[in-house]
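Enquirer: Sharing a structure, written as structure tokens. Questions coming.
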Amino acid sequence: MTASFVAQSLLNGILIGGVYALVAVGLNLIFGVMRIINFAHGSLMMLGMFTTYWLVSLLQVDPYLSIFLVIPILFGVGVCFQQVVIHPIMRAPEHNQLLVTLGVSLFLDNLAVVLWSPDYRVMKTAYADINYYVGDVSVSLVRLLAFVLAVGCTASLYFLLKKTDLGKAIRAASEESEGAELTGINVKKVYLISFGIGSACAGVAGAAVAPFFPVYPYVGNLFTITAFVVIVLGGMGSFVGAFAGGVIIGVADSIGAMLLPAAMKSVISFSLFILILLFKPSGLFGGRIG
Amino acid sequence: MDKDNATKRRLGRALSTKIWLMLAVLLILLHALPFVFPEFVHLFIITLLYALMGQGWNILGGYAGQFSFGHALFFGIGAYTSSLLFVKLGVSPWLGIVAGIGVAVAIGLFIGFLSFRYGLTGPFFALIMLAFAEIFHMVSKSWDQVGAALGILIPLKGNSPSLMQFTEKEPFYFMLLWIVALVTYFTWRFEGTRTGLYWQAIRENQDAASALGVSPMRFKLVAMTFSAGLTAMGGTIYAQYLLYIDPDSTFGVINSVEIMLRPIIGGPGTALGPLLGSMVLTPLSEVTRIALRAYSGAYLMLYGAILVIVVIFLPDGLMGMVKNWVRRFSKRTE
Amino acid sequence: MRNEKKVSISRRDFLKNSAVAGTGLALGAVGFPAVLRGAQPPEIPIGHLHPLSGSLAFDGQEMRKGLLLAVKEVNEAGGIKSLGGAKLKLLDADSEGKPELAISSMERLAKSGAVAVVGCYQSSVTLVATQQAEKLRIPFVVSVAVADEITARGFKYTFRIQPNSEQMASYTLKYLREIADAANTPIKTIAYLHDNTAFGQPLAAHVKQLAPKQGLELILDVPYSPAAPDVTTEVGAIKASGADIVLDTGYFGDGVRVYKTMKDLRLQAKAVLGLANGAFSHPKFVQELGSIAENVMDGNYHANPLSEITKRAFANYKKEFNADMGSGTIFPYMAVYVIADALERAKSTKGEQLREALAKTDLKNHILPQGPLVFGPDGQNVNAAPVIMQVQNGSVKVVWPVAYADGKPIFPVSM
């Protein structure tokens, strides 16, 4: 347990935590606006990963430029998702909503299996071989870029919500949908856009990790659960919370991996999840969107 | 006499002697099934097994309204408890099944107590069950004493009924047939009892129910007891049938989904729901697996689509559809 | 009167001709059934169970290719001559890497008439499949799976050609010590990164127990999950231990990930040595990682590079699949030959008789770096042993023991 080992693990934890945060931020938006717990969020991220993978492998697009395509594609998928599946159950009991998103997740993951086989794929990109060294600690370029992307997206989303008219509409619709209707806000449209934005965030997260994560249909499951843990920890509806939560969970998993055997490394984050659910369900920063 | 009939009708629970006779005959006929279709015995066994565990889920989720996304927890506990007792201490699985039920119930009560005490409902309860199932999943994968990732291989003892091992499949079929028949019957009877009615009250509106003096905590825990026990029973039978268990095939999330889907598709909160659901889903998964051999994850795609369609259009599951037909049919014959 | 003689066929002639024709027909029916029935010579189905999809799909498909090549070669050489030139036919079954699917797969193979089954690449799946084989009384020849338990349960229908866990670990450590001594390099400590399944765990137990015999000490043992996408922390722990030798056990995909991570973290050691590693001595590993794979070592099963049969097999494989034959692929290939040899001797496809013949196997024409292929009473190949390989100049060479080597070890390795 040398200093550099601990430093390396913590650094990696923080970097991947940024990605968890980005995934959680999308989930958070959807929950904050529509009170829908989207079990299919990881599947959306998986779709983002595959989109990037195919763009890079078949068309030799730069993995980071591919994000400009991933965003509209996943936005579109999110809008369809909302329109076809979520809209009919907006008033249904909460557990039914969870079931529907679970169904979509099963469908999407296994559609990917049928289309692209369950095999693991590794995206080949020159970026993945670049490492910087601070003493004995290696900083992988692609992980660093993933973190930067995550921060960038989260910040953009925060800006969108706080400073733009659309953002105001979204916040209004989430706080008091009937009142918002009365003031002329097309709540249905807001919901569609929010789901689209949330999905696009998941897609960007997928594109961000594709250079250093194997791409396969079930990869989303890892992130869905983690995203739930993050937003429960950070407080559902809080942006700062989602980001902080992401980094905390990333670090917790790293510490877990240092101290516990391989398969147990998420025990720490799951236990945190349970404790927060029981004793402080509003999370660390819980509240409305913001 | 009139008052009795009126009550019965109000509870919608009248079942004439004729129908009972029909069901009894059906049960007897089902005994012949493995001999009429010997190639499908495995399929029948899996159908019944998941119907049993689905009924377990149904009691907590369908009747008492507490949806759990982590029932694989009890499945795994049942499977591991009886298998460990057998492999390490030579305890017969007939005793092991009871032990498995005991451990599952204890853990279920623990989680239930904590969750209900701290007011976890709906999706949060679903998720906390999932979290506990995953923790058990991870621990069982890492702990050498329970076989870690390799799991437990139950030694072949040939045909040995006292050790719940049979060289033929039929004994498992008959065992499960009777267990499922009895469980379904008792679940149906339970519906009209005080406990059953209180569950439904809690499911519909917990606050109203407690305002009327029904203690939600107590009844939810009772539901949890039955739920955990039945599912754990399935776990032991599964272990003895396959003679091999490992963390992924028992505690894995996919099992929680499989167990849960049976009653949800079949009809949550109905006695026949889990059985009906299993009769539809199990053959579907087998056929898809064989037809699309290379990518057998495809059956899950169907599961997903069916789940979405049922939840949106058939919230009472297939039983709801059946009841509608029966109602329409009986209206026409009036 | 004259016309009658010419036109009518004498009764005697007619009878004679008919007799000839009839006999010919009868002989034909017996001696050339294929021709008369218009069918192929009877086929003998051989089943196999491997992860043809999922995270180990690459490895599973390799197994399948080895089987296909051997089946093709056997059939082209005339099939099973003692059974009328019957041709072998391969029946696929996909385990998807899941042990619980082994049970229904074995039943399906049995129902399709498989006379023997080869499998399963993973120890966990193999343990379950062989139990089924024992129940169904179908001979099972392990292609690749290292756990000792596979041949330690008193089963009669399980046979394994590759070295088991104990043989792998003990020979590898022994050869490691010999190589280090020959290079006058002191080595003492080992850090072992391995997968946490039935593949890596038993190996770790053996290494821990056997290391002291070679004057070595296992100071750190880090299991990881082969399906885990990220192993940075695990590799970091190995790096932090500062051990002389880093051992690594894993399948192909995770082997590549692990090694790349080792390089990214700039792990230092006197050598990185795979133990039964699915990646380190695989030609594709070298292809994927290029020059950074130089000098990686692996104590693993392999073909005997000095044997003519090996060279022919490698050439045929290259021609058939346009790729290099990996070490693992040798075993399903040999499994088919072992089964074919047993079928010849058994002159029957019945389970019990085939099993008897397999038990008496004594094959000298094989491509393994060992003496005759003989199964012990537990079904394990008695003379099985791994060799030490090293990636040198972009190709995998056997460097130890000298009897089977086609290269010299570079030790210690400069990372």
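Keep in mind that glycine also has a Cβ here, set from the backbone N, Cα and C atoms.
The following feature annotations were taken from TrEMBL:
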| type | residues | note |
| --- | --- | --- |
| TRANSMEM | B:20-37 | transmembrane segment |
| TRANSMEM | B:43-60 | transmembrane segment |
| TRANSMEM | B:67-87 | transmembrane segment |
| TRANSMEM | B:93-113 | transmembrane segment |
| TRANSMEM | B:120-139 | transmembrane segment |
| TRANSMEM | B:171-188 | transmembrane segment |
| TRANSMEM | B:221-244 | transmembrane segment |
| TRANSMEM | B:264-284 | transmembrane segment |
| TRANSMEM | B:296-315 | transmembrane segment |
Enquirer: Taking B:20-37, B:43-60, B:93-113, B:264-284, B:296-315 as candidates, which has the most Cβ pairs under 8 Å with the transmembrane segment (B:67-87)?
Expert: B:93-113
Enquirer: Excluding the flanking five residues on each side, which residues at least 6 beyond the ends of the transmembrane segment (B:43-60) place their CB within less than 8 Å of a CB in that stretch?
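Expert: Cβ under 8 Å, 6 or more out: 33-34, 37, 66, 68, 71, 74-75, 169, 172-173, 176-177, 179-180, 183-184, 187, 199, 220, 223-224, 226-231, 233-235, 237-238, 241, 258-263, 266, 268-271, 273-275, 277-279, 281-283, 286.
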Enquirer: Taking contact to mean 3 or more CB pairs closer than 8 A (sequence separation of 6 or more), are the transmembrane segment (B:221-244) and the transmembrane segment (B:93-113) in contact?
Expert: yes
Enquirer: Taking the transmembrane segment (B:171-188) as reference, which of B:93-113, B:120-139, B:264-284 has the most Cβ pairs under 8 angstroms?
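Expert: Maximum Cβ contact count belongs to B:264-284.
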Enquirer: Sort out the residues at least 6 away from either end of the transmembrane segment (B:120-139), same chain, that have Cβ-Cβ distances under 8 Å to it, and list them.
Expert: 66-73, 76-77, 107, 111, 206, 247-248, 251-253, 256
